[in-house]
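Annotated features, as they stand in TrEMBL:
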BINDING   ARG122, TYR124, LEU139, LYS141, MET148, SER149  FAD binding site
DOMAIN    71-173  domain 'FAD-binding FR-type'
Amino acid sequence: LQTMSGNEDDWLALKPQKPSPSQCCGSGCKPCIYDVYEKELAQWERAKAKQDKSLLMEKKEQSNNSELNPDTFTAFNISSVEQLTEDTYQYKFELPGNSSLHLSLGQHIVLRGVVDGVEVQRAYTPISPGNAEGYFDVLMKCYEAGLMSQYIKTWKKGDMVFWRGPFGGFPYQPNKHGELLMLASGTGLAPMLPILRSITGDEEDETFVTLVGCFRTFDNIYLKPLLQDLARYWNIRIFYVLSQETSLEKLPWSYQENTYTGRLDEDLMKTIIHSCRRKPFVLICGSSAFNEDMSRYLKAAGIEESSCFVF
């Protein structure tokens, strides 16, 4: 009987743990962490019924593969850390050989961190081109009180970090929409960049794009050189809305004509939509409050929900 209960304890130690709410990033990933748990639990139950621990091995083998996988977390090495603004960083991760993540446009990946013994997961969208070889870049904002931010702030070059994915994305097709109107708040810029780069990198793609980037101040605008380069293309326009700047006089003159102070409200939304060259299809990415506000203003401006996509 002793051996039996000892064996029972062994099996219990191998039983997958049910995820806590903090482990779900809330981005509708398929599979979600809860789906992965159900799958692992079923695998554990099968192995236990047959009293065969080798049946639990398959999930271990996957994670040594340094390829991104939606079911298991894979370790990636941080090759550089660059601070962009007071609270925003760009991290570069190494990919083995000249491999690529092969992301579709605007797809996100999920990061796992452990802070004070609590596991947290959050979704981020790489800003590097989906076919970039040997690396991928992620833009991350650190919040004072954020659990994940406390973990991210400790990162240094050479650290290993765990990701799984990819998930979601916007099914973009060249020339399908006459004009894309991109509404991005802060790091909500991330999923827009691969789409912009895909349009500017394809001579056959004549889609117009109006990108509206909402930031607190001029200094808070990320990746200015990249955005300035993109704005030189004939079909790309970029506007900035700066909620905490009171006057445009201090800004470089090249920014003055396409920058607004205050918030992106219903009136400004109507002005921007009227300035679009074709009826726009709208992409939205920001906080949930930002996304709700934008959806409301768009509705007031006569843009149907079927012409919007929220990341």
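Residue 1 is the first one shown; counting continues down the chain.
Placement of Cβ uses the backbone N, Cα and C atoms for every residue, glycine included.
Because the structure is a prediction, the values reported are computed rather than measured.
Here the features listed in TrEMBL are painted onto the structure.
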residue : record           : Cβ neighbours (10 Å)
ARG122  : FAD binding site : 20
TYR124  : FAD binding site : 23
LEU139  : FAD binding site : 22
LYS141  : FAD binding site : 19
MET148  : FAD binding site : 20
SER149  : FAD binding site : 18
Output field, FAD shell: CB within 8 Å of site CB centroid, site ARG122, TYR124, LEU139, LYS141, MET148, SER149 dropped: LEU111, MET140, CYS142, GLY146, ILE152, THR187
Site extent for FAD, whole Å (max Cα pair distance, ARG122, TYR124, LEU139, LYS141, MET148, SER149): 14
